[in-house]
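So the structure is just underneath, and the comments pick up after that.
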Amino acid sequence: MASTVSAYKEKMKELSVLSLICSCFYSQPHPNTIYQYGDMEVKQLDKRASGQSFEVILKSPSDLSPESPVLSSPPKRKDASLEELQKRLEAAEERRKTQEAQVLKQLAERREHEREVLHKALEENNNFSPLAEEKLNYKMELSKEIREAHLAALRERLREKELHAAEVRRNKEQREEMSG
């Protein structure tokens, strides 16, 4: 049984799909049988112990006979009445107008946004000069105050040193007078 299954598997590997299908339907194929599938012919050459051999013949587009199935075209629509055509034209015109209005609305919104941005930029530019001048004046005043405070502190230290030096001189003179 196992040898039969393995032999069957080997046979299946050798057979083409087409011969497999044909052998399922026709156990004994007729000699030199020609099968037609659309624009190709399959001709059985001979049957061997190892399998079957076939010749596949493709027809050129010019050889296609009128008997072969033609690609089906979509079914023709019935003739539309004048009223239907008029309704379609009106609907198309309405869609076009709606689309055009929508595009114009978007353009108007874009222009309005551009105007707002430009106006804001001009406003900031006009406000920038006074603000910059104000900041500069503030910084100058602040640095002037800091400088004056620093100079006042230096003067105070210098005055204290002079007072200390005068006291030291006085003490020295008093010692000299006492000792001398």
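Backbone N, Cα and C atoms are what each Cβ position is placed from, and that goes for glycine too.
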Would you mind telling me which one of S81, S143 Swiss-Prot calls phosphoserine?
S81
From S68, S129, the one Swiss-Prot labels phosphoserine:
S68
